[in-house]
Amino acid sequence: MLQELRGNIRVFCRVRPAFIAETKSSIDYIGNDGTLIIVDPLKTQNTRRIFQFNKVLGPNSTQEEVYKEAESLIRSVMDGYNVCIFAYGQTGSGKTYTMCGPENGSTMNTGINYKALNDLFDISCSREDLKYEMHVQMVEIYNEQVRDLLSDEATTTKYPSRLH
Ligand SMILES: Nc1ncnc2c1ncn2[C@@H]1O[C@H](COP(=O)(O)OP(=O)(O)OP(=O)(O)O)[C@@H](O)[C@H]1O
């Protein structure tokens, strides 16, 4: 109920650290209320654009902090709710990093997917009186094509021809 009061759809913005440290930042302001103001550092005239999210996670945010924002929604799965988390953004914006983690990363900086599954398995183990069955699906939508990321075939697999 608390989850529903806070809104069934939440939109978070995560700002990836700049690839080159000396690059002038386009982030002008990150508010605790989810406000994000960006500017074009290469232009002199006023280029401020204001966006509003449920929360903005700045470039120094950790994987754990990002997970914490989604944790309560993820845990509501164990009480029978349906939850979908998806990352949206241009190439190189950090979707894979946020959802899966860096390549060869430690368990510390795994992404939401791994943290969520660990969390759900822990909860299911602690509830000895209940038996849970888990199904996992991981898809990517690119150029309006849905691709099954857990499929052995590298070819595009159109939803819902293969779900596991
Ligand atoms: N929060 C972050 N902290 C440190 N490095 C990051 C972060 N987000 C992304 N990166 C790094 O930036 C690069 C691009 O990120 P990533 O591959 O996750 O982007 P993507 O949105 O999945 O791109 P594509 O759509 O092309 O697959 C990677 O080298 C990744 O490790």
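Start at 1 and count along the chain as shown; that gives each residue its number.
Cβ from N, Cα, C; glycine included.
Values in this document were obtained by computation on a predicted structure and should not be read as measured data.
Among the features that TrEMBL reports, ATP binding site is placed at Gly89, Gln90, Thr91, Gly92, Ser93, Gly94, Lys95, Thr96. Secondary structure at Gln90 (ATP binding site), taken from DSSP and collapsed to helix, strand or coil, is coil.
If you look up TrEMBL, you'll see 8-164 marked as domain 'Kinesin motor'.
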Across all protein chains in the structure, which of the binding-site residues Gln90, Thr91, Thr96 has the highest Cβ count within 10 Å?
Thr96
From the binding-site residues listed here (Gln90, Gly92, Ser93, Gly94, Lys95), select those whose CB sits under 6 A from an atom of ligand 1.
Gly92, Ser93, Gly94, Lys95
Report, as a single number, how many Cβ atoms besides its own are within 10 Å of the Cβ of Gly94 (ATP binding site).
17
